Every structure is written in C-alpha cells, then in structure tokens.
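Straight from Swiss-Prot, the features:
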ACT_SITE  Cys109  active site
ACT_SITE  His281  active site
ACT_SITE  Asn301  active site
DISULFID  Cys94-Cys123  disulfide bond
DISULFID  Cys106-Cys150  disulfide bond
DISULFID  Cys142-Cys209  disulfide bond
DISULFID  Cys143-Cys146  disulfide bond
DISULFID  Cys179-Cys213  disulfide bond
DISULFID  Cys187-Cys199  disulfide bond
CARBOHYD  Asn193  N-linked glycosylation site
SIGNAL    1-15  signal peptide
Amino acid sequence: MKYLILAALVAVTAGLVIPLVPKTQEAITEYVNSKQSLWKAEIPKDITIEQVKKRLMRTEFVAPHTPDVEVVKHDINEDTIPATFDARTQWPNCMSINNIRDQSDCGSCWAFAAAEAASDRFCIASNGAVNTLLSAEDVLSCCSNCGYGCEGGYPINAWKYLVKSGFCTGGSYEAQFGCKPYSLAPCGETVGNVTWPSCPDDGYDTPACVNKCTNKNYNVAYTADKHFGSTAYAVGKKVSQIQAEIIAHGPVEAAFTVYEDFYQYKTGVYVHTTGQELGGHAIRILGWGTDNGTPYWLVANSWNVNWGENGYFRIIRGTNECGIEHAVVGGVPKV
C-alpha cells in the first residue's frame, strides 16, 4: 500500500511541474495557489528574488554522490521507523537544533548546513556535554578544497574538512557567539526590532581565512577550540536509510535544486510547481511526518526566521523532490 501511495504522489506531482509559464512573481503566486493545495505561495516581504539567487550555489554542487564517496548503510527493519520524527523534540536540550541562522547574501548554505548539523551531532553524541554552535565561517573561508566560498561548495567536502581540520565555535553575526561568529551581516530585512541596511549590489565576497578567533571577547585559543569529526560519508538514497541515519546520529545535510516558486514558499508541503531553475541549495533535514496523508521531510533553512514556517519548510518525501534524497551527507563527531 505504501508504494501505491508513493506512486500516486509521483504521478500527481509530475503533472504539476509546468515550468516557465508565469512571467512575474505575482503570476507565480497566483499559479501555484490555483493549481495545487499542498502548499501556499506568498512573495516574501524581506527578501527579493535577486537576493535569493545570491544565496544559492551552482547546481554542480547538488550532484548525486560519486563512486569515491563512502556511503553508509544501515541495517534496519523499515517497520520500526516511526511515522513522525522531529529532532527538536527528540533532543530538546541541544541548543543548536532549534537554531535558525541567516547566511545573508552569500552562497554559503553548504557551510551553514554542515556547521548546523555537526553542532547537532556533537550535542547528541556527547549526551549534551558538547552543547555549542559550530562556525559556518570557519569552513566557508578556510576549506580550500570545498569549492568557491560564497559561490558554493560541496557538502561532503565540508564534512571531510571537519575530520581533517575541525570546526571552531561560532554563531550568528547578531549573537557574536564563540570563537569565529559569522562576519556577514544580515541585510535588507527586519528581524524583530532590528532593520538591517540594504544588501550589497553584488552580494558579499567570501571572507578571508583567519586562523585565529575573531571574537575578541572569546578566551579560548583557535586551535584549542576546534571540534573534529571521526568520519564523513554519504547517506543511502532510500528514504529509510535517511531516516535511520537521522534516528542514529541526528540531523543530516542535504542539497537540492531550487526553482523560482521555492522562493515564495510560505507554508505547507512544498512540491516544485512552476518557475525557472535558480541554482542549488544546501539545508538541514531534522525529521519527517505526514500532512493530510502527504509524506514530508522537516527541513531547517538558513534564510532567517522571517522566511517560510519561521525559518523551516516541509518538502514532499519519497519522490526525490528536486534531488533532495540523492545528495544527503553526514558524519560522526569525535567526542
């Protein structure tokens, strides 16, 4: 029965994909909301489509796993996998799991998702003893084999960097937490009572690599602050393998192709409905569930809390929507 439901979903969602029809953002909103009922589209107030393009990476970084990448295999009885799972409630004392960050106008999503999921995993593996935020900027600026910084990077290489060089601590620009907080300010949006200045016309450049703590109020040396991984790997493409990995070790990093309509996601279970391809994006999968019979992944984005469902989104599960199930990576921390 489960496979019949998935087959039906594939057929339905395939019928929805009619790219390049609407010519304006307003037309995309109307088209999405009139053609399907799984999710609601709404033009965001605080982020433009041009800003979103700067926050994405080239689609080459979303490619499925290559043969040289180790793929972890879980021996699991699929009948034992729960119908719903949410890392936020499974590990409520891990401060990173509930944290939504802001990558600003830089295609640093690959570094953010790695730092976020690694932060979660250190807390989980240590039973809360290592409860911190790891620095997206450390891997963004200092991993020379990861890719091109603000132009994008390979998620698996960020996890390999965690094994080889480690991540120091560091939170958001606003919080100035840890050794190396993010140095690129939010821009063009109002968050709470703070309105940030307009974004740079061409987006941000990749910050320079600095092998020291940039937070002057942090009293731990850069090398002593490093947190290391023991392994880095890809996760099998089957839904049950991704679920088993999250249950065993915590949230994973995944990459997918972004289309114009995703920019307008407001609520519901996203399925690509229309619009041009914009680029690739990396995110953190926290769990899964169903909404009126539609299976979904629960995902944390890095576009601040004003976007989507308070910074989160749900995307249809079991159909490899936009490639999201074929580019999942993770690793085990040293604790």
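Each residue, glycine too, has its Cβ placed from N, Cα and C.
Feature map: annotations from Swiss-Prot on the structure.
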residue: Cys94; record: disulfide bond; contacts (Cβ under 8 Å, 6+ apart): Ser119, Asp120, Cys123, Ile124, Gly128, Asn131
residue: Cys109; record: active site; contacts (Cβ under 8 Å, 6+ apart): Arg55, Leu56, Met57, Gln103, Gly152, His281, Ala282, Ile283, Ser302
residue: Cys142; record: disulfide bond; contacts (Cβ under 8 Å, 6+ apart): Tyr161, Ser165, Cys209, Asn211
residue: Cys143; record: disulfide bond; contacts (Cβ under 8 Å, 6+ apart): Ala111, Gly153, Asn157, Ala158, Tyr161, Ser165
residue: Cys150; record: disulfide bond; contacts (Cβ under 8 Å, 6+ apart): Cys106, Gly107, Ser108, Leu140, Gly203, Tyr204, Asp205, Thr206
residue: Asn193; record: N-linked glycosylation site; contacts (Cβ under 8 Å, 6+ apart): none
residue: Cys199; record: disulfide bond; contacts (Cβ under 8 Å, 6+ apart): Gln51, Lys54, Ser104, Asp105, Cys187, Gly188
residue: Asn301; record: active site; contacts (Cβ under 8 Å, 6+ apart): Ile100, Ile283, Trp307, Gly308, Gly311, Tyr312, Phe313
Site with most surrounding Cβ atoms, counting all protein chains shown within 10 Å, from the disulfide-bonded residues Cys187, Cys209:
Cys187
For Cys146 (disulfide bond) and Cys179 (disulfide bond), what Cα-Cα distance in Å is obtained after rounding to a whole number?
21
DSSP three-state assignment (helix, strand or coil) for Cys142 (disulfide bond):
helix
I want to check the contact list for Cys213 (disulfide bond): same chain, sequence separation of six or more, C-beta distance under 8 angstroms. What comes out?
Cys168, Cys179, Lys180, Val220, Ala221, Tyr222, Asp225
Tally every other Cβ atom lying within 10 Å of the Cβ atom of Cys123 (disulfide bond).
24
